[in-house]
Amino acid sequence: MGMSKSHSFFGYPLSIFFIVVNEFCERFSYYGMRAILILYFTNFISWDDNLSTAIYHTFVALCYLTPILGALIADSWLGKFKTIVSLSIVYTIGQAVTSVSSINDLTDHNHDGTPDSLPVHVVLSLIGLALIALGTGGIKPCVSAFGGDQFEEGQEKQRNRFFSIFYLAINAGSLLSTIITPMLRVQQCGIHSKQACYPLAFGVPAALMAVALIVFVLGSGMYKKFKPQGNIMGKVAKCIGFAIKNRFRHRSKAFPKREHWLDWAKEKYDERLISQIKMVTRVMFLYIPLPMFWALFDQQGSRWTLQATTMSGKIGALEIQPDQMQTVNAILIVIMVPIFDAVLYPLIAKCGFNFTSLKKMAVGMVLASMAFVVAAIVQVEIDKTLPVFPKGNEVQIKVLNIGNNTMNISLPGEMVTLGPMSQTNAFMTFDVNKLTRINISSPGSPVTAVTDDFKQGQRHTLLVWAPNHYQVVKDGLNQKPEKGENGIRFVNTFNELITITMSGKVYANISSYNASTYQFFPSGIKGFTISSTEIPPQCQPNFNTFYLEFGSAYTYIVQRKNDSCPEVKVFEDISANTVNMALQIPQYFLLTCGEVVFSVTGLEFSYSQAPSNMKSVLQAGWLLTVAVGNIIVLIVAGAGQFSKQWAEYILFAALLLVVCVIFAIMARFYTYINPAEIEAQFDEDEKKNRLEKSNPYFMSGANSQKQM
């Protein structure tokens with residue numbers, strides 16, 4: 001064992017200060033990066049929702065698979081301290097690479113605001129995420145155990161309080177990061193053009209991880225550093241493998257059956273190890289249904305965040321970003337854990353109900369299932385507010401009069417009269433085969449026929465400004481703007497080209513009496529500048545939008561005033577989101593309550609039922625259930641392809657209820673044990689065996705005393 005001089009502070013080893021600060025910074029780094037990851041995939045890399053969800057959950061699964069590797073390295077090779085330092089360096093590099101991958105100007109050679117070589121960003125992102133998964137997962141089983149190693153015998157009370165402080169540091173880091181990094185994301189930054197500031201939002205977590213590493217290394221001289229004692233997981237695997245191989249080797253009836261399949265390892269392994277593995281496998285068997293809970297729980301960062309992008313973030317005077325809704329879980333967990341421990345559980349006990357650990361976990365599954373039912377109800381309400389878009393062989397038309405004359409528009413079954421600078425109330429839907437001709441006219445003028453080839457499944461805007469002057473514009477917006485952003489396009493009624501710059505994005509060379517394509521912006525007031533060679537120098541070229549909310553689309557008409565200066569008129573194409581993000585709070589509340597009675601209880605149950613030297617084995621098994629849960633999401637998201645998102649939520653809720661019933665049946669037949677008593681019995685037996693070997697008269701003397 002590597003020892004250093006012990007320093008204490010109020011009875012606690014001073015070294016744990018460095019470990020707690022390290023954990024706070026590391027959790028800030030991890031959860032801060034993870035909070036914005038799904039929106040980075042959809043907004044910056046432009047993956048669709050299903051692929052983004054799949055990559056997100058693949059990453060999370062890797063983060064919970066690599067703890068096994070970290071435990072192996074620490075126990076059999078480097079020890080906990082060197083493992084934490086080595087993998088923290090890998091972790092920091094991964095965060096830095098991810099931040100670099102999000103720099104738009106890295107490949108934006110033509111300075112148009114979009115990457116010219118998206119594969120470069122994708123490859124860098126995946127390399128960064130792989131390094132992060134190796135780093136965060138590898139140190140996960142080491143840091144808390146290393147903190148526990150710092151205490152002396154007789155400091156059990158301080159050690160227990162340390163784990164409470166450690167858990168608080170985790171939640172504090174998670175809470176702050178999920179508030180701060182989304183705020184950094186919505187800032188505008190860039191060298192040649194301005195975009196959502198992902199480099200800063202990823203860069204701050206990278207800096208915090210570097211701080212975590214530095215703080216941890218600074219405490220090096222105060223730590224107790226135990227040398228690797230051999231990997232118990234390897235011994236467990238070898239014993240199980242030998243038992244299975246030996247059992248199949250003696251399949252014939254000539255060999256008598258043994259009480260337990262692990263008893264076939266007795267030829268090579270001692271009774272104590274076999275008994276300990278039996279305890280572990282009994283708990284591991286109960287772990288089989290548990291991944292389904294995590295399949296639902298970890299969708300907070302994917303599906304639920306994407307759901308929030310279709311909602312309004314205005315809550316009173318506050319404006320909540322979609323990825324900030326995850327802070328609700330972190331806030332509620334800090335509130336609910338003490339309420340459950342100090343109020344709810346004692347109240348249940350006073351009522352005479354034996355609320356065992358496994359019963360609590362089953363209740364947690366039910367609560368998580370209910371949370372997804374609530375999420376489905378919220379999704380149905382969201383779907384009701386969505387505009388109707390053309391399907392199949394349908395086409396939608398909106399007419400916008402950008403001239404100074406009253407115009408009459410004749411469509412199949414529709415006759416519309418529009419005054420100057422006005423539009424139809426909504427998009428009109430037609431069968432594409434029947435929309436062969438649109439007639440436009442004004443009082444005293446001949447009729448002009450519009451016979452353009454309207455593309456099926458598309459929205460079109462018919463710009464008219466005189467009886468024989470029109471322009472058909474394909475909108476290119478056949479769904480609500482994604483990620484809660486707002487679509488803006490401009491129509492030029494000048495007789496010359498104009499260029500408009502808005503928040504770093506350029507609408508270049510919009511031709512006369514034509515429309516630009518939509519560009520997309522986050523919520524807020526956006527400034528824009530109109531430039532043209534024909535605008536007099538005394539004119540004010542700078543304008544502001546009104547306040548953009550979430551998920552809207554607008555057409556801005558640029559027209560000339562009597563003094564030849566430009567002015568702007570606005571028409572709504574798609575209304576803003578109206579279902580408020582606050583409606584997600586009930587589903588977060590139910591899921592958080594489920595987490596308290598499932599996750600916290602599950603860890604306590606695993607610890608209490610594990611032999612002293614195999615608690616790390618069960619910890620690795622517990623983390624493995626999280627990884628498998630994320631793999632389940634991958635399978636469902638990849639294979640389901642539901643046309644309605646609420647249906648996927650209901651499927652997950654139903655699957656978890658079925659799994660809960662199976663788990664309840666399995667738990668019914670589980671017998672709680674006290675590993676300490678079993679190990680004490682082995683200690684007593686081994687002590688007797690040693691006495692027998694050293695004193696052959698030990699048993700005979702004892703027997704003679706019994707006879708006296």
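The first residue you see is number 1, and the count goes up from there.
Using N, Cα and C of the backbone, Cβ positions are placed for all residues, glycine too.
Remember, predicted model here, so these are calculated numbers, not experimental data.
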(request) Can you dig through Swiss-Prot and tell me which residue of ASN354, ASN509 is labelled N-linked glycosylation site? (result) ASN509
(request) With reference to Swiss-Prot, specify whether ARG34 and GLY148 are located on the same side of the membrane. (result) no
(request) Match it up for me: which of 1-21, 232-252 does Swiss-Prot list as transmembrane segment? (result) 1-21
(message) Let me spell it out: take the topological domain 'Extracellular' (641-645), skip the flanking residues so only those 6+ beyond its ends count, and list any with a Cβ under 8 Å from a Cβ in it.
(response) 50, 303, 307, 379, 383, 651
(request) Would you kindly check 119-139, 277-297, 328-348 and say which stretch has the most C-beta pairs under 8 angstroms to the transmembrane segment (162-182)? (result) 328-348
(message) I'd like to know if the transmembrane segment (119-139) touches the transmembrane segment (277-297) in this structure, counting it as a touch only when three or more C-beta pairs sit under 8 Å and are separated by 6 or more positions.
(response) no
(message) Are there residues at least six beyond either end of the transmembrane segment (646-666) with Cβ under 8 Å to its Cβ atoms? List them, or say none.
(response) 285-286, 288-290, 292-293, 295-296, 299, 303, 358, 361-362, 365-366, 368-370, 372-373, 375-377, 379-380, 383, 636-637, 640
(message) Name the residue among the glycosylation sites ASN404, ASN439, ASN562 whose Cβ has the smallest number of other Cβ atoms within 10 Å.
(response) ASN562
(message) Taking DSSP as the reference, which of helix, strand or coil describes ASN50 (N-linked glycosylation site)?
(response) helix
